[in-house]
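Encoded as structure tokens, the structure appears first; notes follow it.
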Amino acid sequence: MEKLWLNSMFSNGKLEHKYRLSRSMDSLGPIRYSSGSEDPVLNAMDNKVSSWNDSGSCNFSNVEHFLDIIDIWSFISDDTFLVRDSNGDSFSIYFDIENQIFEIDNDSTFINELESSFSSYLDSSSMNSGSKKSSRYYYRYMYDTQSSWNNHINSCIDSYLRYEISIDSYISGETHNYSDNYVYNFICNESISGNESRNSAIRTSVNGSDFNIRGRSNDLDINKKYRHLWVQCENCYGLNYKQFFRSRLNICEHCGYHLKMSSSERIELLIDPGTWDPLDENMVSTDPIEFHSEEEPYRDRIDSYQKKTGLTEAVQTGIGELNGIPIAIGVMDFQFMGGSMGSVVGEKITRLIEYATNKSLPVIIVCASGGARMQEGSLSLMQMAKISSALYNYQLNKKLFYVAILTSPTTGGVTASFGMLGDIIIAEPNAYIAFAGKRVIEQTLNKTVPDGSQAAEYLFQKGLFDLIVPRNLLKGVLGELFQLHGFFPLT
């Protein structure tokens with residue numbers, strides 16, 4: 001059962017009634033009360049909206065006695081948008097800012113039939129009244145040119161965003177041409193403001209991706225005031241509703257780009273619930289070389305990242321079960337000082353490998369790092385050799401199974417050591433994987449690095465790793481790999 005929420009207000013004399021329309025794929029059921037006074041005329045079971053059939057027609061004859069031409073715009077709430085993307089698909093978008101609700105219904109059949117029914121009702125009501133323009137609620141843009149209608153749409157949406165949500169800055173583009181806007185309908189019951197803003201351009205198709213709200217080219221970040229509601233894709237700049245973003249595994253719903261995940265989110269993704277047992281979680285750095293910066297002392301910087309992320313270091317290690325198979329896993333977190341590898345990170349990963357060696361467990365290390373931590377000097381570089389030595393004993397002497405998962409970004413010392421030592425090396429789609437960054441190479445060698453030459457897809461063709469696996473398939477793929485190598489569930 002799919003539901004389209006239209007928190008609309010119907011006027012009938014002095015009474016107001018709030019409704020919820022519940023819709024299945026085949027029919028639109030009776031209109032039911034959610035609040036308001038009982039009205040026997042509206043509550044009668046015979047006052048139903050008939051089924052939506054293949055012909056696309058709908059009979060409103062049973063309810064026309066309480067709907068007037070002035071009320072048809074109240075059928076859709078002020079917070080509901082009807083839009084069409086560049087492919088011609090129709091969507092309804094519902095906002096409830098107060099309750100932080102954002103819902104999208106993309107069943108084009110329902111929207112098209114709804115639009116058709118409303119248009120038919122408007123035509124019939126206008127004929128009964130004798131003139132379309134006799135009503136003061138008649139929208140002058142309804143039968144105007146497409147250009148004027150598009151301008152009106154942009155004006156309404158711009159006014160809604162700026163006044164209803166109180167956005168301080170414009171969501172704007174640099175053009176006054178709205179001919180490429182795919183927003184085709186916006187139904188509201190407020191009077192049209194005389195001030196039409198021509199500085200906003202809200203597009204539902206940018207570079208082949210639908211429902212992107214494009215801001216100024218020099219300001220791609222979302223307004224800080226609403227970052228608790230939205231996550232902006234760093235690839236297509238589309239907005240993802242935060243409430244659903246985590247359930248989608250931090251994958252952009254517009255372009256499929258894999259955005260960064262925290263180490264805790266990755267543990268939740270890979271480890272069976274209730275089986276996670278962390279190792280060495282209280283190990284912290286003691287500033288071994290007493291590194292001090294004019295901007296911020298190293299210890300103070302460590303403390304600030306600990307408060308920001310809730311982690312003690314840039315890696316979490318522990319044991320758990322993946323589809324019932326006991327494993328040892330280390331997950332690096334780029335949010336903690338760029339996932340840089342210091343003495344504590346190296347020690348925790350080494351201890352994890354040694355524990356797995358003694359317990360004969362398969363090992364997974366999820367890499368997300370900018371490389372060695374410069375604040376610890378040569379001690380951070382030593383971790384590369386220390387981890388590689390532990391892996392040598394684990395893989396060659398004990399003949400156990402190690403899987404390296406490379407996420408974006410994986411660079412520097414991590415790439416040069418345990419990141420590329422896996423028996424199976426898996427990369428995420430679009431992951432940035434390199435030893436030296438693009439700018440470092442260009443400034444050092446004075447040569448241009450081609451775009452995409454450090455992306456997972458290009459490196460896969462060059463044989464740098466074995467698989468590119470999307471997040472939603474990763475756990476299943478790992479489970480099959482472990483069983484193929486002789487590791488089976490406990491039960």
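Don't overthink the numbers, they just go from 1 along the chain as shown.
The backbone N, Cα and C atoms fix where each Cβ goes, glycine too.
Range with Swiss-Prot annotation zinc finger, chosen from 72-94, 141-163, 164-186, 233-255, is 233-255. Confidence annotation: the domain 'CoA carboxyltransferase N-terminal' (229-491) carries a mean pLDDT of 94 in the model. Other C-beta atoms found within 10 angstroms of the C-beta of Cys255 (Zn(2+) binding site) number 18, with every protein chain shown included. The most densely surrounded of the binding-site residues Cys233, Cys236, Cys252 is Cys252 (count of other Cβ atoms within 10 A of its Cβ). Residues in the zinc finger (233-255) partition by DSSP class (helix H, G, I; strand E, B; coil) as 4 helix, 4 strand, 15 coil.
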